[in-house]
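According to TrEMBL:
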- 20-62: domain 'CAP-Gly' (DOMAIN)
- 623-658: domain 'EF-hand' (DOMAIN)
- 659-694: domain 'EF-hand' (DOMAIN)
- 793-828: domain 'EF-hand' (DOMAIN)
- 900-935: domain 'EF-hand' (DOMAIN)
- 940-975: domain 'EF-hand' (DOMAIN)
- 977-998: region 'Disordered' (REGION)
- 978-998: compositional bias 'Low complexity' (COMPBIAS)
Amino acid sequence: MGSLCLVQETAKGTVRYWGPVPELGEGDWVGVELELPIGDTDGSYAGKTYFVAPPNRAIFISPNIVTPYDEEMSSVAIIDDVKKRLAAKELERKRKENAETWNKLDNHQEQLLLKHALVLENIFGPCTRRVNVDEMDPIEMEEGYEGPRLTFPLTGDMLVDLLEHFKKGKPLHINFALDLLAQSRKIFAAEPTLQEISIPEGKRLTLVGDLHGQLADLFTIFTLNGLPSQDNEYLFNGDIVDRGQYGAEVLFSILAFKCLFPKQVRVNRGNHESRQQNRLMGFEEEVLTKYPGPNGRVLLAACQKVFDCMPLCALIQEKIFVVHGGLFSNDAVSLDHLRGISRKREPPVHSDVFEDRLYEEMLWSDPRAHLAGKQISTRGAGIEFGQDVTFEFLRTNQLALIVRSHECVAEGYDLVHNGRLMTLFSASRYCGLQTNKGAFLSMKNDLQPEIQQFYAHPMQESHWTAPAALGLTEQAAMAQVLEEDMTKMIIVTLLDHKPSLYWYFTQTDKGKTGRVSVEEWATGMKTVLKLDLPFASLASRLADVEEEVVEVDTTGTRERRKVQRISYAKFLDRYRVEVTGSDAVAAAWQEAVIDRVCEKLFLALRRGGKSLEGRGKKGSLSQSGSSVKDAFALFDVDRDGRIEYEEFIGLLKSMDVGLSEAQIYELMRGMDKNKDSVIDLEEFTSRFGIVFTGYVDRENEGVIVGLSAADSKLLMKIGKRLVKERKQLGQVYGEITGKPFPSLVRKASTAVENETGPQDAVGVAIEDEEEDTISYEQFKAFVRELGIGPSKASDEQLLRLAQHLDVDGSGTINFAEFSRGFKVADLKETRPKLRMSRNSVSLVKVPKQDGAHLVRDRGFLSLEKQISEDVGGMEDSEASVSEPGWTDRIIQQMSNFLFQYRLELASLYRAIDVNNDGVVSAEEFRSGFIKLNQVFNMMLTEEQIDLLMEAIDQDGNGQITYNEFLKAFKVVDTCKDSPNSSRSSSPTSSFSSGNGGH
């Protein structure tokens with residue numbers, strides 16, 4: 001006794017007591033008087049004094065964490081403790097900053113998705129618009145069903161069986177789910193909009209905030225707080241579904257207890273208990289996936305009918321107001337106003353009707369700690385309100401406290417407005433990304449709140465136990481996950497704003513260096529993306545920051561300083577959307593689109609050259625063969641020898657080149673090889689010409705079969721007509737062959753797979769398809785109809801070509817592969833997996849059985865000889881440059897559109913897909929896509945949509961399977977591993993960040 005000691009090797013103190021303290025547990029305890037006031041007692045415990053010490057200077061601890069005092073050990077321990085405290089403090093600062101940034105991004109994307117959901121509903125109506133939930137016959141129970149069987153009235157044993165069934169990850173049978181929904185709907189329908197609750201003596205009421213389909217959190221609350229019962233009442237404050245994987249199970253669990261204890265279990269509606277949120281936020285897809293077929297739509301409609309009947313708010317003993325969202329844009333709103341709201345409908349958004357605004361704001365509004373008055377919400381619905389609004393509402397209605405949910409907060413609860421408003425959030429580790437705790441609030445008749453914080457335990461545990469808190473290591477790991485997802489959300493957002501960012505940076509870059517300072521970059525990101533985020537501190541996570549030393553003039557002296565700069569072109573090139581390696585349909589579509597774009601650019605440039613003649617220019621890009629310098633002059637409006645961004649877009653928009661403005665931007669950037677934001681003469685000269693890719697033997701790289709010069713020339717004349725007059729020649733082809741003209745879209749099945757993924761299908765010799773083959777005589781007749789008659793091509797010459805194109809010796813020609821082989825190409829651009837030489841046409845004949853060698857013919861020029869000569873001495877090595885060119889950029893732009901709107905497109909087609917089988921008609925696919933495309937800024941042209949439809953409809957039966965295609969796109973960081981966006985293509989599988997809110 002009286003000896004100096006160290007508590008946990010850090011806190012210095014003096015031993016004052018050693019012995020039993022029954023209230024703390026069995027065994028001996030050590031009472032220590034501490035040097036610093038960091039204890040929790042004055043030497044007393046549970047009313048008994050064991051020794052005397054100043055307040056907060058004593059502690060009772062286990063003997064195994066007390067050691068004799070050692071000066072050296074104490075110094076080391078103190079230093080180590082300071083380091084740990086500083087690290088923990090920095091971790092906490094970073095966690096708060098990241099959580100705030102994540103929530104801002106989340107609200108921003110929620111605003112976009114809300115807008116998109118409303119647009120979809122206006123155009124197509126809800127997914128369940130044609131479903132009558134009251135007319136469905138019971139489904140036959142499959143043999144071997146071992147799940148819970150719910151009969152009414154329910155019993156406690158049934159509900160325990162239900163929870164155990166859900167714990168195993170199994171869904172409730174649809175018959176019982178529909179019965180449960182029907183019963184709970186009747187109960188909710190009979191309740192008032194404002195529930196008035198009194199807590200009887202000896203009973204307890206527990207408030208639960210957002211759960212968002214996180215079943216483990218619901219089970220944890222039941223473990224810590226007990227299941228609902230006559231004496232253990234619950235009020236669930238909305239946002240039961242969406243975002244998490246188990247929205248249906250969370251909903252059915254709560255509804256089952258509601259049916260068992262209708263007076264003791266209560267629910268307020270949240271903003272996610274609505275059709276427009278379910279459409280894009282996960283619950284709709286979850287239900288239709290877990291319950292496939294037409295009956296899934298019936299079940300979804302039944303869930304949403306229940307949502308329509310849920311009350312909107314509650315009043316506890318006339319003192320505590322509980323609502324999901326928040327308060328109102330109008331002053332002097334009384335509880336009587338809320339009681340009178342007609343609630344049994346889809347929650348209104350953006351209405352001018354007073355009643356509708358109250359309805360919207362109860363579900364959507366948020367408090368702000370440092371705001372006076374009200375302002376527009378960043379969510380896109382409701383308002384943000386300050387302390388004065390809270391106080392006025394409390395005064396008007398003689399209330400003491402407001403409890404609301406709707407926002408993720410770090411501790412699971414948060415008090416603002418001088419302690420008169422509490423946010424309660426019960427989904428811990430929100431979306432698997434946040435490090436937040438969950439919390440619930442319990443109170444008895446005296447209204448003294450008790451808050452319990454928690455982290456959810458794994459719901460698969462057979463015996464539920466209270467989980468341990470996160471350690472520092474786990475906190476750091478979760479913080480890293482959150483930061484990575486936050487970065488992904490920013491990347492996904494900027495993908496939609498590349499043209500605007502590029503334009504902003506080019507205007508900021510006065511010296512045309514292709515770089516901006518970190519501060520200029522951060523300002524540009526904040527301005528263009530309209531996100532108030534700490535971009536300067538995020539720069540190193542998003543971009544390659546380069547340091548350089550510059551001289552700065554300060555008060556007449558020159559100083560050398562380090563300046564951080566970012567190459568904005570490289571920054572924008574870094575992030576892209578790609579197609580997963582197994583999706584040959586998407587690859588076939590992309591190939592067809594680029595072929596068509598090259599063709600249109602080629603023909604448009606020729607038309608542009610002709611227009612120069614009318615302006616007094618010498619020559620043109622017409623068949624007379626003028627220099628492409630004239631084409632450059634056509635673009636160079638201000639005659640400064642450079643083609644700038646505005647000049648390039650302005651002229652191409654006036655030409656029918658089949659590109660949207662965003663795609664023209666990608667064309668410009670792809671040609672701007674030195675990243676100076678302009679195209680000079682060397683970069684632009686002579687890009688487009690007709691080539692023939694031919695039939696490529698994979699065992700022998702693209703070489704030319706030994707054709708004579710005359711035969712080669714005739715072959716290219718045929719190609720010229722096919723490229724320039726493809727549509728017009730369809731009728732001629734049909735009259736001769738009785739078959740439709742082959743499509744430009746290559747069937748995905750022709751793509752060749754190997755161990756590294758699909759290879760380019762151009763020119764692969766494949767098994768003939770009957771509808772694509774023609775006879776020698778049909779081929780000769782078609783060629784003559786092109787204007788290359790007997791006077792120009794003898795029967796013998798046409799026969800030689802026909803035999804040459806008959807790659808398998810069958811006596812027929814696969815005209816589809818032959819015609820697709822002719823295309824316009826950018827002679828300076830090499831598409832992935834397609835090798836082209838500047839001055840040759842690759843025409844390869846598959847070896848015959850005798851294995852004859854193939855020979856290379858270097859002497860054959862492409863059709864546009866003048867253009868080929870203007871290219872200059874481009875070596876084959878240039879074709880291997882890894883940096884993406886403009887064709888790849890346009891593919892990325894199209895892919896980005898499908899990636900960004902994959903949830904909207906999937907929702908659109910689910911609304912059309914009445915059988916819930918993932919299939920819609922080709923015409924439904926096309927018309928729906930065109931409507932959506934028009935609403936969202938015409939990112940694709942109608943021609944590109946037609947090519948897309950043709951690519952997906954592989955068997956030509958007019959039926960489109962849309963789900964797998966929409967899941968084929970992912971975001972990649974070309975400098976790192978792929979940062980797949982958390983805005984998953986399958987919300988029920990990994991739906992988390994950035995898709996909207998709480």
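Backbone N, Cα and C define each Cβ position, glycine as well.
Automatic, uncurated: that is what TrEMBL annotation is.
What you are looking at is a predicted structure, and each value in this text was computed from that prediction instead of being measured.
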(request) Give residue numbers and ranges for long-range contacts of the domain 'EF-hand' (900-935): same chain, 6 or more residues beyond its ends, CB-CB under 8 A. (result) 113, 116-117, 119-120, 123-127, 129-130, 279-280, 284-285, 288, 292-297, 492, 495-496, 942, 945-946, 948-949, 952-953, 958-963, 966-967, 969, 983, 985, 987, 995
(request) Determine how many residues of the domain 'CAP-Gly' (20-62) DSSP places in helix, in strand and in coil. (result) 3 helix, 21 strand, 19 coil
(request) Could you tell me the mean pLDDT over the domain 'EF-hand' (623-658), as a whole number? (result) 66
(message) Please count the residues of the domain 'EF-hand' (900-935) that DSSP assigns to helix (H, G, I), strand (E, B) and coil.
(response) 26 helix, 3 strand, 7 coil
